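Participant: The structure's right below; bear with me while I get my questions together.
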Amino acid sequence: MTTEKQDCGSLAPLLPVEQDERSGGGGSISGAIFNISTGMVGAGIMSIPATFKVLGVIPSFFVILLVGYFVEVTVDFLLKYTHSGESDSYGGLMAESFGKFGSVALQICVMITNLGALIIYLIIIGDVLSGNNSDGSVHLGTLQEWFGIHWWTSRAFSVLVVVVFVMLPLLSLKRIDSLRHASAISILLAVLFVVICSMMAIHAMWEGKTQKLRLVPDFSHGVSFSELFTTIPVFATAFGCHVNVHPIRAELGRPSDMTSAVRISLILCVVIYFAVGFFGYLLFGDSIMADMLVNFDQVSDSLIGTALNDIVRLSYAIHLMLVFPVMNYSLRVNVDELFFPKRPLLATDTLRFFSLTCILLAFIYGGAVAFPNIWYFFQFMGTTTVMCIMFIFPSSIVLRDAHNISTTREKILAVLVIIFAIGTSSVAIYSNIATYIANK
């Protein structure tokens with residue numbers, strides 16, 4: 001049973017060995033809120049305004065609420081079985097319910113999801129600093145706009161500097177609660193991003209320059225019914241926090257506070273996502289891109305406007321730099337447990353800790369430089385591994401009911417969540433493939 005409990009998701013071995021895992025590690029509930037929120041508010045926020053263009057404002061609001069509700073339900077599933085069973089990790093819960101196969105399946109999904117997300121983070125940071133030449137159009141980065149095009153403003157060099165001098169020091173912290181201050185700053189930057197976008201949209205509305213909003217889907221202008229389902233994986237990815245629930249819970253002074261921390265984080269993220277989606281769509285209308293930062297790559301007719309464009313892009317890039325360590329935390333532990341299942345990573349294993357950190361960081365950097373545009377790949381990934389981690393696996397644990405504690409209501413909810421995840425993902429994959437074939 002000890003081996004199964006170590007499989008995937010538990011960061012307790014990184015803590016001092018004499019500490020009782022279930023008694024909590026002294027972390028604060030505010031730190032937990034910031035870390036959970038930081039894990040959610042990542043790259044997905046930039047695609048939310050584009051979903052408003054597809055769904056319209058009113059359906060988008062209800063879809064945000066629906067996905068947020070299902071996230072709360074599935075996190076509650078995990079926490080209930082954690083309290084009632086012997087496992088203190090997501091992987092341990094999967095092992096209790098489905099054996100070694102369950103924990104390995106979760107590990108693989110977590111690694112694919114987190115690895116893809118971290119590569120995308122570096123790609124976006126590279127876009128902000130050094131621009132992007134994809135899709136036949138040239139978008140200059142902030143460094144190129146300020147200093148011109150040089151070797152030291154190229155994507156490869158600018159991202160390397162960020163990796164070595166920003167990412168590596170943050171990734172060297174062994175406790176996730178140590179990232180609470182960085183997480184707090186990250187959330188504040190996300191709020192700053194929302195505030196600036198809102199101000200720009202309100203100013204444009206004052207001058208009569210805003211775009212016409214679409215309240216409901218417009219099927220008369222090329223939007224198909226199946227295309228509506230492609231927005232679900234975007235929202236699902238934006239609310240992903242399940243892999244960080246157990247590590248954060250393990251360090252709380254009172255692990256029972258985790259439910260409150262998750263709910264507060266969900267409310268905060270719902271407000272942020274709707275504000276970004278609404279004001280971003282109001283500001284750019286149907287010209288909104290899948291990555292909204294591209295829309296800020298424009299020459300303003302005033303110094304203040306140019307400064308705001310730069311602040312928006314840079315604040316989001318810094319936000320991703322601070323989100324990066326939280327996402328990398330669970331990736332690192334899952335990779336370690338996959339290769340060393342019987343040798344948990346202890347706080348004293350400094351060489352192994354830093355070796356694994358540097359290898360993963362080098363791989364992520366190489367992927368971001370070699371493949372500067374992987375949005376379509378990540379969209380397909382969001383319909384598979386993300387759905388499994390967030391919805392299918394937690395609901396399957398409830399239906400399996402290894403401890404005979406699931407209520408009828410919980411089992412009905414679990415079935416509905418699985419139908420929602422599989423149904424929307426299947427239609428979204430079909431729509432994406434059909435669109436790709438049609439544009440080929």
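In case you wondered, yes, glycine gets a Cβ from its N, Cα and C as well.
Remember, it's a predicted structure, so these values are computed and weren't measured experimentally.
Marked as domain 'Amino acid transporter transmembrane' by TrEMBL: 27-429. Look at TrEMBL and you will find 58-79, 104-129, 149-173, 185-206, 226-245, 266-284, 311-331, 351-371, 377-400, 412-438 tagged as transmembrane segment.
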Participant: Take a look at 149-173, 185-206, 226-245, 351-371 and tell me which one has the most Cβ pairs under 8 Å to the transmembrane segment (412-438).
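Facilitator: Per the Cβ count, the answer is 226-245.
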Participant: With pairs restricted to those 6 or more apart in sequence, evaluate whether the transmembrane segment (351-371) and the transmembrane segment (149-173) have 3+ C-beta pairs under 8 Å.
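Facilitator: Yes, these stretches are in contact.
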Participant: Can you tell me which recorded stretch out of 58-79, 226-245, 266-284, 311-331, 377-400 has the most Cβ pairs within less than 8 Å of the transmembrane segment (149-173)?
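Facilitator: Highest pair count goes to 311-331.
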Participant: Based on Cβ pairs under 8 Å, which of the stretches 185-206, 226-245, 266-284, 377-400 lies most in contact with the transmembrane segment (311-331)?
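Facilitator: Per the Cβ under 8 Å count, 185-206.
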Participant: So which residues does the transmembrane segment (58-79) touch in its own chain, when a touch means Cβ under 8 Å and the partner is 6 or more beyond its ends?
Facilitator: 51-52, 90, 93, 215-217, 228, 231-232, 235-236, 239, 241-242, 245-246, 249, 258-259, 262-263, 266, 269-270, 273-274, 277, 390-391, 394-395, 397-398, 410, 413-414, 417, 420
Participant: Under 8 Å between C-beta atoms and at least six residues away from its ends: which parts of the chain pack against the transmembrane segment (185-206)?
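Facilitator: Residues 34, 37-38, 41, 45, 268, 272, 275-276, 279-280, 282-283, 308, 311-312, 315-316, 318-319, 322-323 contact the transmembrane segment (185-206) from elsewhere in the chain.
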